[in-house]
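A.B. asks: In case it helps, TrEMBL gives these features for our protein:
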type	residues	note
TRANSMEM	38-64	transmembrane segment
REGION	76-113	region 'Disordered'
COMPBIAS	76-85	compositional bias 'Polar residues'
COMPBIAS	87-98	compositional bias 'Basic and acidic residues'
COMPBIAS	99-113	compositional bias 'Polar residues'
TRANSMEM	134-153	transmembrane segment
TRANSMEM	173-192	transmembrane segment
TRANSMEM	199-223	transmembrane segment
TRANSMEM	297-316	transmembrane segment
Amino acid sequence: VALLNLVAISSTWARIIDVMDSESGARLFGFVGAGATLGQLFGSVFAAATAWMGPYLLLFAALLMEFAAQSSKGITKDTSQSSEELSPLRRTDSERSQEASSPKVTTPKSPISTTRPQLWAILDGMRLILASPYLLLVSLFLWLGAVISSFFYFQKVNVIATTIKSSIGRRRLFAQINSFVAVFILIGQLTLTGRILTIAGVTVAISASPLVALGNLVSIAIWPTWVAVAVSETLRKVTTYVVTRPGRELLFTVVSQDEKYKAKVCIDVIVQRLGDAAAAGLFEVLTIALGGQTSTASLYALPVCLIWIVTAYFLGRRQEQLAKLQELWERNANPSEMKKDHKAE
């Protein structure tokens, strides 16, 4: 079920990215993310109010998943861009001419698309990642993010377990933090995400989480209390879902359709899970080395966090360069747009 959830979310974002460019994504990804936040709030409230239904709640969940699957079909409609406008910027002129002379293949944006999941899609995705320096940099960014997030999670659980002895108290605290954070995330997605991405740009957006994570790791090491955990968790989640997550999806607006649908799912599912596994192994080693006293364990993750910050900066700059090249190429490929620009001048 967890794997299905990962693939479903990644594939949905791939379709959204496919029908939007970098500019429209910067304006609208916050509203798309707000839908997920509203779903989280609704699910929590509904499950709490109907807990008496027990396992029958799964039937309701299955119904909602079917509605989501049916509604996803509408993401492919009302697109004016042709598939050629989203071809990879790395292709040479000879490759483009060769593609133009070859038979046309229906793209996932077409309502008569014949694209189907294939067993070798993961291997194909890995091949696309290894062939692209840009996607390798994206993979490194997400892998480092998964390592830091998982490491912070293990540290957070340890701090709460040592400061709050009651299991009921721990559950209540986590529930209160999650509800409190969800409200802030929703407000931020509806009011701030579009403005931040449009004005500050992708580099600032994807660099925000690494910078906040650096401060969180230091604060947890210095003040290992539930208050520090609550504040750090709030800052981390709000920054991630309001700023960095939409900015992360913009990274895929400048790649080819194959890379969006195959490489992206591979990165979201395999690369990030490898990051979780690496963090778990690192934390276990530190727990043994520190004799179970893990209050300062987060300091050992600081070098990884610094590498994450540098990676985010260079990746954001590269995405902005590719977005400008893509916009220039699309304008040159559309004579009517060029005429409008000449008129304006």
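FYI, residue positions are counted from 1 along the chain as it appears here.
Each residue, glycine too, has its Cβ placed from N, Cα and C.
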A.B. asks: How about the transmembrane segment (173-192) with the transmembrane segment (38-64) - do they touch, taking at least 3 C-beta pairs under 8 Å (6 or more apart in sequence) as contact?
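C.D. replies: Yes; at least 3 Cβ pairs under 8 Å.
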A.B. asks: Can you tell me which parts of the same chain pack against the transmembrane segment (297-316), counting only residues 6+ beyond its ends and a CB-CB cutoff under 8 A?
C.D. replies: 137-138, 140-141, 144-145, 147-148, 151-152, 155, 158, 201-207, 209-211, 213-214, 216-218, 220-221, 247, 251, 282-283, 286-287, 290
